[in-house]
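A.B. asks: Here it is: the structure, laid out below.
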Amino acid sequence: MKFLSIISLAVSLVAAAPVEVGLDTGVANLEARQSSTRNELESGSSSNCPKVIYIFARASTEPGNMGISAGPIVADALESRYGASQVWVQGVGGPYSADLASNFIIPEGTSRVAINEAKRLFTLANTKCPNSAVVAGGYSQGTAVMASSISELSSTIQNQIKGVVLSAITKNLQNLGRIPNFSTSKTEVYCALADAVCYGTLFILPAHFLYQADAATSAPRFLAARIG
């Protein structure tokens, strides 16, 4: 898979958009099976709930509601493990436009409407399928969406969330590498040593786009261990 750079130099310091990078052949071959938009939670029936519901928030400027990087890769791995019929995949879309400007919003690092949309989806999962295992993920600005939304959920809904994987977490320094008010044992953070975003800045370096291997391997393994 390759990514298209669509950000000008003037805004590159705050962008979380994919740029063109080469990936290994195994990951690249996933492209044909992945979709940038998934809405199984919203469209699925409560009479046919799956084993797993995966909710994901994409990076800035990524297309659809899942993007074309970490989210679909993790989704594919979960579907391969549990079977497509036993995994509902849902991207955070609608009010969450994944725009660049929202990265500047302090202290959340994303918009209030985006946070509320993610909270709505977690609540929907709980009301529609309370016995399904909910897992979640985010990439770049999407990690800010997930961190804020999950931290504001009721304990009942938080308890249904079995695990969360966050890649290139934009609030890593500010949140001390965790989701506030949420169990650290349920959270896995992937932040590359060379990714400046992980140190409390919005400087975008090449390492910010190199999380596909984690998304294909360690992230789904962590979630599967939490799901059981």
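From the backbone N, Cα and C atoms, a Cβ is placed for every residue, glycine too.
Okay, these came from Swiss-Prot:
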- 1-16: signal peptide (SIGNAL)
- CYS49-CYS129: disulfide bond (DISULFID)
- SER60: site 'Transition state stabilizer' (SITE)
- SER140: active site, nucleophile (ACT_SITE)
- GLN141: site 'Transition state stabilizer' (SITE)
- CYS191-CYS198: disulfide bond (DISULFID)
- ASP195: active site (ACT_SITE)
- HIS208: active site, proton donor/acceptor (ACT_SITE)
A.B. asks: So which recorded positions are near SER140 (active site, nucleophile), with CA atoms within 10 Å, out of CYS49, CYS129, ASP195?
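C.D. replies: So the list reads none.
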A.B. asks: Which recorded positions from the set CYS49, SER60, CYS129, GLN141, HIS208 come within 10 angstroms of CYS191 (disulfide bond), judged by C-alpha positions?
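C.D. replies: Of CYS49, SER60, CYS129, GLN141, HIS208, within range: HIS208.
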A.B. asks: Using C-alpha positions only, work out which of the recorded positions SER60, ASP195, CYS198, HIS208 is nearest to CYS49 (disulfide bond).
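C.D. replies: Nearest listed residue in space: SER60.
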A.B. asks: Quick one: of SER60, GLN141, which of the recorded sites has the smallest count of other CB atoms within 10 A?
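C.D. replies: Each of the recorded sites SER60, GLN141 was scored by Cβ atoms within 10 Å; lowest is SER60.
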A.B. asks: What is the interatomic distance between the Cα atoms of SER60 (site 'Transition state stabilizer') and GLN141 (site 'Transition state stabilizer'), given in whole Å?
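C.D. replies: Cα to Cα, SER60 (site 'Transition state stabilizer') and GLN141 (site 'Transition state stabilizer') are separated by 6 Å.
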A.B. asks: Using other CB atoms within 10 angstroms as the count, which residue among the disulfide-bonded residues CYS49, CYS129, CYS191, CYS198 scores least?
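C.D. replies: So among CYS49, CYS129, CYS191, CYS198, the disulfide-bonded residues given, the one with the fewest Cβ atoms within 10 Å is CYS49.
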A.B. asks: Rank aside, I only need the closest one: which of the recorded positions CYS129, GLN141, ASP195, CYS198 has its C-alpha nearest to that of HIS208 (active site, proton donor/acceptor)?
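C.D. replies: Nearest in space to HIS208 (active site, proton donor/acceptor), counting only the recorded positions, is ASP195.
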A.B. asks: Within 10 angstroms of the C-beta of the residue listed as 'active site', what count of other C-beta atoms is obtained when all protein chains are considered?
C.D. replies: 24
